[in-house]
């Protein structure tokens, strides 16, 4: 009986809610979601080609495929300019800025670029190319997975994948990074240093650095050991520019990180996340995941979201 009770307690502690409803075009990879200021329409941007765009009247859908932000690819000269990754879109003074990465799998020959639009619609974007954040085999970081935030009045860009982890650099404006040396925010010392997809979110006097840890794809070829697949993790900081720690006080630079969402039931490898305050469901974390009932290939990935609550100052999937 005692063993049964203990197992039940563990199951309850590790239980996650199923993803929220999604209708229409629900494929997504490294999704980024933003609401248009003029009418509240939701736009979802995803990795692939010139960046996939979908729109919907609500986070639940129905999502409609609109095409690509940059149908002819980017003007950047590093990586694969016709297959752009991990878009991150923000609104500043009447203009939407879409940061994206150009690279190839397993390489540090990478760069981050930016495009602008006033409407968010497909084929309305003007590409400005590289912002000055580029990496190579001689840099400790990989210049992919951009994420923009303003701390106080200063804009910053978070980025990084594997190698020495996640970094942050100050921006001179929305189109270009400063020449300052990027600051290391988080590092995973274990295995092949699987850490990427940073997303920094301010709430309740803290800056929450969410990121994805674990194997992101290739599940149809070989599944990683249980628990080594993608999952969403968090550390927090008072300043947003360093000293990130997890719930147990472990530094994010020392492999720290508290799990927010991991595989469960039919959900496998959730990650590539972001956070948005919705009109009907409050603050939600959104992400892509492989649905075991559909398939484990990248082309089968699904858009997921869950409501977030905060317990003792830490985000919890409701």
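Cβ coordinates are placed from backbone N, Cα and C, and glycine is handled just like the others.
Copied from Swiss-Prot, the annotated features are:
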- 30: active site, proton acceptor (ACT_SITE)
- 196: active site, proton donor (ACT_SITE)
- 72: N-linked glycosylation site (CARBOHYD)
- 80: N-linked glycosylation site (CARBOHYD)
- 188: N-linked glycosylation site (CARBOHYD)
- 277: N-linked glycosylation site (CARBOHYD)
- 1-28: signal peptide (SIGNAL)
In the chain carrying residue 277 (N-linked glycosylation site), residues 6 or more apart in sequence that have Cβ under 8 angstroms from it
283, 284
I'd like the number of other C-beta atoms within 10 A of the C-beta of residue 72 (N-linked glycosylation site), please.
12
Taking 10 A as the limit, how many CB atoms besides its own sit near the CB of residue 188 (N-linked glycosylation site)?
25
Packing count at residue 30 (active site, proton acceptor) (other Cβ atoms within 10 Å of its Cβ):
29
Which residue, of the recorded positions 80, 196, has its CB surrounded by the fewest other CB atoms within 10 A?
80
Could you tell me the C-alpha distance between the residue listed as 'active site, proton acceptor' and residue 196 (active site, proton donor) in angstrom, no decimals?
11
